[in-house]
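Here the structure is laid out as structure tokens; the discussion comes afterwards.
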Amino acid sequence: MELSDVHCLSGSEELYTIQPTPPAGDDGSGSRPQRLLWQTAVRHITEQRFIHGHRGGGGGGVSRKASNPAGSGPNHHAPQLSSDSVLPLYSLGPGERAHNTGGTKVFPERSGSGSASGSGGGGDLGFLHLDCAPSNSDFFLNGGYSYRGVIFPTLRNSFKSRDLERLYQRYFLGQRRKSEVVMNVLDVLTKLTLLVLHLSLASAPMDPLKGILLGFFTGIEVVICALVVVRKDNTSHTYLQYSGVVTWVAMTTQILAAGLGYGLLGDGIGYVLFTLFATYSMLPLPLTWAILAGLGTSLLQVTLQVLIPRLAVFSINQVLAQVVLFMCMNTAGIFISYLSDRAQRQAFLETRRCVEARLRLETENQRQERLVLSVLPRFVVLEMINDMTNVEDEHLQHQFHRIYIHRYENVSILFADVKGFTNLSTTLSAQELVRMLNELFARFDRLAHEHHCLRIKILGDCYYCVSGLPEPRRDHAHCCVEMGLSMIKTIRFVRSRTKHDVDMRIGIHSGSVLCGVLGLRKWQFDVWSWDVDIANKLESGGIPGRIHISKATLDCLNGDYNVEEGHGKERNEFLRKHNIETYLIKQPEESLLCLPEDIVKESVSCSDRRNSGATFTEGSWSPELPFDNIVGKQNTLAALTRNSINLLPNHLAQALHVQSGPEEINKRIEHTIDLRSGDKLRREHIKPFSLMFKDSSLEHKYSQMRDEVFKSNLVCAFIVLLFITAIQSLLPSSRLMPMTIQFSILIMLHSALVLITTAEDYKCLPLILRKTCCWINETYLARNVIIFASILINFLGAVLNILWCDFDKSIPLKNLTFNSSAVFTDICSYPEYFVFTGVLAMVTCAVFLRLNSVLKLAVLLIMIAIYALLTETIYAGLFLSYDNLNHSGEDFLGTKEASLLLMAMFLLAVFYHGQQLEYTARLDFLWRVQAKEEINEMKELREHNENMLRNILPSHVARHFLEKDRDNEELYSQSYDAVGVMFASIPGFADFYSQTEMNNQGVECLRLLNEIIADFDELLGEDRFQDIEKIKTIGSTYMAVSGLSPEKQQCEDKWGHLCALADFSLALTESIQEINKHSFNNFELRIGISHGSVVAGVIGAKKPQYDIWGKTVNLASRMDSTGVSGRIQVPEETYLILKDQGFAFDYRGEIYVKGISEQEGKIKTYFLLGRVQPNPFILPPRRLPGQYSLAAVVLGLVQSLNRQRQKQLLNENSNSGIIKSHYNRRTLLTPSGPEPGAQAEGTDKSDLP
């Protein structure tokens, strides 16, 4: 760092920094453990499902730090942003500087809209970096001007958006209403005090006109207070402004009355000062209005003083002194009003940013929920949470490869396969093929919902679903048959529209299933059982265009459908081997009128179309796009779904249209305003009188927060000192030299304070001075010392001059006339100016916005005590002489008593103003703390979403959905010319699997399968297999692909990924052997590998699924199904590539491959034996840590949910609380009504023995 660059780092900046959350077990590779991925997501699902309580309105790498306290500007010191940092919510715009070194706008317009977020490495999907919050220049019309860090007022301190300005005015409406009431009450109490004193002390009765005016003005102020209080729910900002104008008019009229001799406070200069201070600091007037009002009041008083002089000792210097006095109060008032309003606007923006962060957090919650539900049905998540929520043993969440399986009886399983799809895929482009599949399966999903079926999975062109899961249904077989009939009608309509020979082959069987999720990667909900295998074989042994059912399904149909013999044994070896009787549903004689409603609409209009395309969705219905409801738009607030709108606090938007962006934020702010009106945060976190936080740690962080307007406050205090000097110079002491020395010293001392606090903005100053400046600005105690020193200097400037009054040469007390008094300009002739300048010193306390209000009160009391001591004892004669000279006998209250009353009024006004500012600043601080917590949670949620998205899509595909402009509404599809495809099955697992009491109806068999798949998944975590993507598991078959990354398609080593796939196949055989040793089994893998061109894409909107299609996929599958257990079979084309890469093969011969040999004849195949020589580029195996089964993930999140619940119960009435204390844990997590799980015969949560 250069010596000229001094960065002031606040000790409290960590409060505004998104703290890193070190991933457990991270080895530096950038991988994050998966066991906490579902924590907030499932909590959100649970809360959405069961919690309807009232919601309050109220990471890795080095983060960019920024402190921006209430009333502060963005000219803070920010350290350099590292390359791996995450932008905080409160940050400078890209075009803003940490320090302004010249006369510039406080909020300069940003030069660009780019983000400063660093790169997240090669695996970053691009949505972990928080969106940079808009800078203040995006909100303000004119944020003021600054020079060397000192902010100067502007008259147009308002927001650009009218809606935002309206919300801001409403946000602080209650505070301003209260300030006006307090000001009027204070004025009324002053009048009543004077009235009581007059009745008690005055020797003569009160002038009737004076009494009438007193009662009239008191009545006006009482009526104003009553109207403002009574109409508080209906009071608008404009109405409040007009009431403020009426209050000012009433006070100014009293000044006029005092000038005419009908006031209770002498000539009324002190009351003018109070009126000016109240106009700027307590009345709800815009700054422009306040300036006009202040100038009008000042001009009125000066005019009256000149035209109707009421003092015996009078001079032009005294008039000039008044002018300077009023100028000083107006200048201080402008600074106070502007900086106070600016502080409130900053607090409002922080509230808005907090609301925006909360809205983004809810959006992330909704994305998380959709991601979870795209993998797992809601009933499974809720049942798992319900069963695991009482598990308190911490070590259970770390147990190895847990599974969670449900068993359901009395269900029907439907398998459907598109006949002719392979030939169709060769005639369509990648985009057309994926679009067709998406539209076709979207219709099937819609039909499944109508017929009460649950879609399980899509396997290429195969679709299968289950009825009776999760809700039990007596007509589950009927639902599947109706589903099959609708599918056949749909595919026939497709065939008629596309002119392609496609049809459906459907098989249905009834029985029981086990359902759940296996493995560590690419989670997909699936079903397993003997009955699932039968349904699959019924499909493969069926007839295109017909529904092939078993005897079990026929028995469930109760004769409601006409059937005929299916002869499935003749077409399928499995059916023949197990002697399964089959039947075919007779196709009903129906026309297109019985098609699904949306297709009927299309068929009616299709005859009118002259140019029909290849798709079949030209009607009124169109399928949703995959992930359209999950990722939303990049860098914008995702629109809330109508279902998710109910999640907003207090169901804010139940009756509203779905909105997004600023409109939704503004709606939420309105709700926040309603909550804020109850002062919940103040009662819960802030002590009533001192306004200190009840939490000592919060108080410490708040006290260490940088005060960005401290320099401006100090400059304003220095200006006040200059005005005090000017006033007392116009009315000099008889001892001119001591006074000159006094003010010279005070000005130099104050100049030194200003210099030492602004030195950081002057690079020409010594480095040690600038570092001292940084330390002062960042240290609470040092700032307070400077503040007290400034107040003391101003106070000494106001009071010390009284020491130079010479009683020996004082003016004569008798026989003075107005004409002869013009020569007397000694300040001792006007002792009340000692009080007026003392009032200016008191106003100096109000200038320092961040000074604690209790400390202000203490300082003000000390000032009044010193003045009382001087006026009542040492210099009482000076005031008595002045009263004898200028006041008539009717004046019951002397100058010194009136002065103390005036100071008491200022004490109450300044203290209340300080309390309001401090409350605003502390409330702003609480909002920031809350926003920071929610942003950290949002960051963690986004990390969870990224990892979950990785479990659904390859990284480059995930980036497509997150970075691409989603307005184009294009499906994701990609053609690849050189990829490797592998299928690895366990042929012996079907014989091993059995549903008996001994193995818990097949659960123990699936437990072992889970261990096998999990071991396979862990192999993919090794660096050498980073080019391989798991696609899915199909029963006991494992499917993986290499070369899908666009980089691999363009690299020089075109088939390096294929070699990695072959190495992976060899590693799988070693892994299964290791499993056999520990499980006492003798499983063997049967693996098939092929390479070539494929089409990849994402289909399905509700359950998006990434898949690949093409001849290469079919050939790899046939290499597996026609292979030999314990061997790896490849076709000749793959053999020719791998043999040159150091692999050894054994020639098998020519085999018949269904679906391919019909056109190309028999296929030459080879068995992969291994590597002849090791690959020198293969690094030693290195496992990435932190992979756990789905059950371990959910178990961990449940225990975390319980811990969070305890924390939230502590804040049950807090704005940020979303869980009420009265709910019972069991009630919260137990499904209500006829929920799923009633049909589950047993669930498994135990571990592998």
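Just so you know, glycine gets a Cβ as well, placed from its N, Cα and C.
Per Swiss-Prot, the candidate among ASP461, ASP475 that belongs to the Mg(2+) 2 site alongside ASP417, VAL418 is ASP461. Of SER63, SER161, SER612, the one with phosphoserine in Swiss-Prot is SER612, while the others lack that note in the record, though it may still apply to them. When the residues ASN410, ASN423, ASN819 are compared with Swiss-Prot, the one annotated as N-linked glycosylation site is ASN819. For the transmembrane segment (272-292), the residues of the chain that approach it from at least six positions outside its boundaries are 153, 155, 157, 176-177, 179-180, 182-183, 187, 237, 240-241, 243-245, 247-248, 251-252, 255, 298, 301, 325-326, 329-330, 333-334, 336-338, 340-341, 836, 839, 843, 846, 902, 905-906, 909-910, 912-913, judged by C-beta separation under 8 angstroms. Spatially, by CA atoms, the binding-site residues ILE1108, LEU1115, ARG1118 include one closest to ASP461 (Mg(2+) 2 binding site), and that is ILE1108. Within the set of binding-site residues LEU459, ILE1108, LEU1115, the entry lying nearest in space to ASP417 (Mg(2+) 2 binding site) is LEU459 (CA atoms). For the recorded site, ARG1118 (ATP binding site), the DSSP three-state label reads helix. Geometry remark: LEU459 (ATP binding site) versus VAL418 (Mg(2+) 2 binding site), CA distance 11 Å. For ARG1118 (ATP binding site), the same-chain residues that are 6 or more apart in sequence and have a Cβ closer than 8 Å to its Cβ are GLY1088, VAL1153, LYS1154, GLY1155, ILE1156.
Between the transmembrane segment (829-849) and the transmembrane segment (892-912), three or more CB pairs separated by 6 or more residues in sequence fall under 8 Å, so the two stretches touch. Per-residue confidence over the region 'Involved in CALM1 interaction' (1107-1249) averages 66 (mean pLDDT, predicted model). Taking residue pairs at least 6 apart in sequence, the transmembrane segment (736-756) and the transmembrane segment (892-912) share fewer than three C-beta contacts under 8 angstroms. Every protein chain shown contributes to the tally, and the Cβ of GLY420 (ATP binding site) ends up with 15 other Cβ atoms within 10 Å. Excluding ASP417, VAL418, ASP461 themselves, the residues of that chain whose CB lies within 8 A of the CB mean position for the Mg(2+) 2 site are, in sequence, ALA416, LYS419, PHE421, GLY460, CYS462, TYR463, MET504, ARG505. Taking Cβ-Cβ distances under 8 Å and a sequence separation of 6 or more, the neighbours of VAL418 (Mg(2+) 2 binding site) in its chain are LEU440, ASP461, CYS462, ILE491, VAL502, ASP503, MET504.
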